[in-house]
Amino acid sequence: MPVLPLRRLPLARARNPLAACIVVGAAWASTHGWRLLGSKDTRSSRSLLHVSVEPPEQSLLGDLYTATSLPLLAVTCVLGWLTRPTADAEQVPKGFQQFQFQYLLVWFLAITADWLQGPYVYELYASYGWSKADIARLFVAGFASSMLTGTFIGSVADAWGRKFCAILYCILYGLACLTKHVNVYGVLMLGRLLGGAATSLLFSTFECWMVGEHKRCGFPDGLLRYMFGLMFFVQYLAAIGAGWLAQLAASSMPLTQVADSDALWYGGSTLPFDLSLAFLLTAMPAIYFMWQENYGERRGEGVAGLSQVALSFQAGCDALASDWRVPLLGLAVAAFESSMYVFVFNWTPALDGCSAGTPPHGLIFSAFMMACMCGSSLFNLLDASIAPIKALWPVCLLAAGALATVASSLFTTSSEALIFFSFLAFEACVGAYFPCVSTVKSELVPEEARAGVYNVYRVPLNMCVVLLLLADLESPNRISWWDDVEDIICDLQHIAPVLSAGRHDAWGGTAEDQ
């Protein structure tokens, strides 16, 4: 079967501190590159099973994503600069800058490898000809793998060593990238399982190593918050750049079948995963030569270290029973974040179904990350006197409104522009939600039971994600998922005001009063 080249946008990556100038220039160049590509006599197809169609003529609407990216990028740069992490140079001890470089370089390589895969996971599976139900099962496998390994991976890293587990992340994710070249469902399923386990390592092991090394070196605790700020700042920049780089890679050559092979493919949507593999292979020697091994407080306890999982869950359950606001917050977390994770699965088919051609998924992903960074920056610019719980309710309301707009559009006009802008609004709410809810959790959840409570929170969250995806398998109606998400996120609108009304001291009253 002949494979036609996909019309995509070549993009560039930008780095701090001159992001405002460099990134805008790169975006301008990429916009003109998109128009040049659009003038060629090319065709596009959504998958290998779809009939090829002529691309639409270029117009403001046809160039929707590039026309949106430039002003959104400018706003992101301004807000990012206003809220950038800073530290007093006089308080920075000797050796801290070296530690900062060693961690942030590895973190950038590792997190970029993860973000590179985001824009093209669904598209690759669809290009291989798998149905939406088949793809949903693959996503469910990834979430289930992350759910199961996430409950004990922290204890494993404490016992085996954080440096060792960081290298293990690179190995597992690298193997997951290789499976993307094989159009065999069982191999793709194995890749999702490996990717789920690797993701749990990414968002636990690296942070634990940084905190452990920070304390081992005796650096001030105040600089730890500064490091967290830099960590998330680099994460957002990496996400934006990864979307552009993935777009450039995927547009460089079409998805092509290897000669004399029914299962092996290269090019097209597999190239972002090859780039991810390159970042992982670069991260491995960086970790090996630049990091020192550190362990948790329970190093050497072996099975006893793993038994901490049960003790952690027990402490979490005790905390849930001691204060009614703790489980209510868990419901809020499950409601919002489950809609977010299911959004990850559905944004590609939602936009593909409304587009006459193949949307530039990498550019769209970068726009989502820019909106997310804008939301986070806006929250950080709020007056410190405003309680985070008071900001959580309007964030949830706006997120529900954005998804309701998408559902309405899918019911009626299927407007690509309206759906895209609603997605941007939802991502901005996601960006504001995380620092907001993290602050609320830090105030409400007891420190001695924090790890256990967070592990318990993951159970209803992952159950909601899995059930929503499984429910979508048998649904012939393309908007059914949005109805479910609307119901869930609207429930959170009722939970947030109750939490706000039930605050103790700074939360506005005791639980007994409520």
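Placement of Cβ uses the backbone N, Cα and C atoms for every residue, glycine included.
These figures come from a predicted structure and were not determined experimentally.
Residues or ranges marked as transmembrane segment in TrEMBL: 64-82, 103-122, 134-157, 164-183, 189-211, 223-245, 265-291, 328-348, 360-379, 391-411, 417-440.
Proximity of distant same-chain residues to the transmembrane segment (265-291), defined by a Cβ-Cβ separation under 8 Å and at least 6 residues beyond the stretch ends, is recorded for 3, 6, 102, 105-106, 109-110, 112-114, 116-117, 119-120, 123-124, 127-128, 163, 166-167, 170-171, 173-174, 177-178, 180-183, 209, 213, 245-246, 249-250, 252-258, 362.
With respect to Cβ pairs under 8 Å, the transmembrane segment (103-122) is most closely packed against 223-245, considering the stretches 134-157, 223-245, 417-440. Counting Cβ pairs closer than 8 Å and at least 6 residues apart in sequence, the transmembrane segment (64-82) and the transmembrane segment (417-440) reach three or more and so form a contact.
Just going by CB pairs under 8 A, the stretch in 134-157, 223-245, 360-379, 417-440 that sits most against the transmembrane segment (189-211) is 134-157.
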